[in-house]
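Enquirer: Below: one structure in structure tokens.
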Amino acid sequence: MPIEIVCKIKFAEEDAKPKEKEAGDEQSLLGAAQGPAAPRDLATFASTSTLHGLGRACGPGPHGLRRTLWVLALLTSLAAFLYQAASLARGYLTRPHLVAMDPAAPAPVAGFPAVTLCNINRFRHSALSDADIFHLANLTGLPPKDRDGHRAAGLRYPEPDMVDILNRTGHQLADMLKSCNFSGHHCSASNFSVVYTRYGKCYTFNADPQSSLPSRAGGMGSGLEIMLDIQQEEYLPIWRETNETSFEAGIRVQIHSQEEPPYIHQLGFGVSPGFQTFVSCQKQRLTYLPQPWGNCRAESKLREPELQGYSAYSVSACRLRCEKEAVLQRCHCRMVHMPGNETICPPNIYIECADHTLDSLGGGSEGPCFCPTPCNLTRYGKEISMVKIPNRGSARYLARKYNRNETYIRENFLVLDVFFEALTSEAMEQRAAYGLSALLGDLGGQMGLFIGASILTLLEILDYIYEVSWDRLKRVWRRPKTPLRTSTGGISTLGLQELKEQSPCPNRGRAEGGGASNLLPNHHHPHGPPGSLFEDFAC
């Protein structure tokens with residue numbers, strides 16, 4: 001009895017596909033529309049890229065010695081560029097800066113600085129009462145006494161007032177000042193204001209920033225010239241050494257701006273009796289860089305409540321504020337020269353607590369009182385010279401004039417002359433030596449020299465990477481699932497790989513391997529157009 005193979009074959013018309021797609025992997029064989037075109041391969045991208053040498057190294061063409069040399073040249077140039085780029089980046093991250101000096105044109109008028117002076121001796125011996133000596137014993141080293149002699153036991157005195165003691169026993173400028181002239185005009189002690197420092201009662205000339213005196217010419221005779229008597233006979237005798245014991249004789253002087261409080265124990269210079277000291281000044285305007293190039297304090301951060309009592313931020317004001325906070329925290333009081341309205345420390349706390357607290361504070365960048373330099377600063381450069389006074393003739397004259405002997409004149413009198421060298425200010429400004437624009441320019445030059453690339457070339461490479469990555473993701477997301485044969489016996493769609501794994505149609509008498517399955521992969525409908533491809537198969 002004859003055996004038949006019953007199969008149903010369905011064909012559909014479709015445009016011819018490229019030959020390379022005929023061996024596809026797991027594409028649908030039934031009604032599946034062809035997906036979007038695959039992205040360019042590396043060879044195609046290399047042949048169209050603007051990166052020099054990439055087309056010859058990775059483009060289409062035979063592989064040989066020439067291509068190998070181009071690959072080596074490309075890799076060498078790329079390595080050289082990366083090395084230079086790393087060096088440029090390291091140089092930029094060091095934040096180098098330079099200092100530019102710009103001497104300004106002479107001005108007709110220049111504001112004269114503030115001049116603060118202090119006698120090195122804090123307390124006049126003749127002005128100390130028995131109570132003062134008793135309370136200041138630890139500071140001065142003098143033994144307490146009464147009218148009957150030194151008798152420490154059983155003495156009772158009222159509580160001391162440190163402000164009153166300093167004001168009353170300090171050297172009075174009216175007694176020390178023998179002559180005063182400013183720009184050829186007479187001045188007096190009334191032109192000085194009282195200020196308290198670590199040296200006690202001191203005096204500042206031209207202290208008011210709202211009415212600072214002008215200097216209309218440079219050179220000697222156009223500034224401040226004063227003659228002082230330091231009153232060495234009022235210096236305290238030394239019975240024993242203390243932290244406050246001083247062996248010097250003379251005055252301390254600081255030249256500063258009106259907005260800056262005096263910090264004379266560290267920033268002042270000494271003037272000796274028996275000499276005329278000339279101080280030639282030059283105004284300097286300094287501009288520093290903030291982070292990341294420097295460590296200056298920017299103007300936007302100046303308005304802080306910690307600097308109450310000062311019109312502007314300065315290193316001196318910051319230091320005084322920090323010292324005050326430290327003394328307040330440890331001693332529960334403040335020293336006379338510190339700003340604020342808190343309780344003044346009594347003399348015994350000065351030596352037992354306050355002085356030790358100040359000595360423990362560091363002044364460097366690691367200390368608790370680190371104060372950054374303001375980004376805009378005015379200071380006065382100084383050149384100091386001196387000559388000995390008096391000569392023999394003037395010694396006799398001064399002795400008669402002030403009713404003193406010549407020895408006293410030589411040991412106590414001094415002359416201080418402060419003036420502008422010229423009415424010009426010197427501007428010094430920190431500038432970034434290597435900024436971002438310079439870095440980008442150097443990187444662009446190195447990139448063009450070694451690999452012939454630009455920013456647009458980098459965008460081309462990123463665009464190609466995006467195109468390839470996006471195509472891979474879409475393939476993963478849209479991978480078709482293999483449908484199963486329906487229970488109704490309808491037509492099922494089989495993938496090509498699954499079709500190869502399927503057993504042939506049921507055989508009704510043919511020899512094994514003689515089924516129609518061998519015919520199907522390249523089967524064309526006898527009446528169909530020559531471009532038709534196999535699509536549907538049912539068995």
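Including glycine, each Cβ sits where the backbone N, Cα and C put it.
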Enquirer: Looking at ASN138, ASN167, ASN376, which one is marked N-linked glycosylation site in Swiss-Prot?
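Expert: Matching ASN138, ASN167, ASN376 against Swiss-Prot annotations yields ASN376.
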Enquirer: Based on what Swiss-Prot says, identify which of ASN181, ASN191 is the N-linked glycosylation site one.
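Expert: Record annotation (Swiss-Prot, N-linked glycosylation site): ASN191.
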Enquirer: If you check Swiss-Prot for N-linked glycosylation site, which of ASN243, ASN405 comes up?
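Expert: Record lookup, Swiss-Prot, feature N-linked glycosylation site, residue ASN243.
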Enquirer: Should anything in the same chain at least six residues away from the transmembrane segment (69-89) have a Cβ under 8 Å from its Cβ atoms, list it; otherwise answer none.
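Expert: Contacts of the transmembrane segment (69-89) (Cβ under 8 Å, skipping residues fewer than 6 from its ends): 53-54, 56-58, 439, 442-443, 446-447, 449-451.
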Enquirer: Spatial neighbours of CYS331 (disulfide bond) among the recorded positions CYS118, CYS345, CYS371, CYS375, ASN376, defined as Cα within 10 A: which are they?
Expert: CYS345
Enquirer: Where among the disulfide-bonded residues CYS118, CYS202, CYS322, CYS345 do you find the Cβ with the fewest other Cβ atoms within 10 Å?
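Expert: Among the disulfide-bonded residues CYS118, CYS202, CYS322, CYS345, the sparsest Cβ neighbourhood within 10 Å belongs to CYS322.
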Enquirer: Look up CYS369 (disulfide bond) in the DSSP assignment and report helix, strand or coil.
Expert: coil
Enquirer: For CYS322 (disulfide bond), what is the secondary structure by DSSP, using just helix, strand and coil?
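Expert: Assignment for CYS322 (disulfide bond) reads helix.
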Enquirer: Looking only at CYS353, CYS371, which of these disulfide-bonded residues has the biggest number of Cβ atoms within 10 Å around its Cβ?
Expert: CYS371
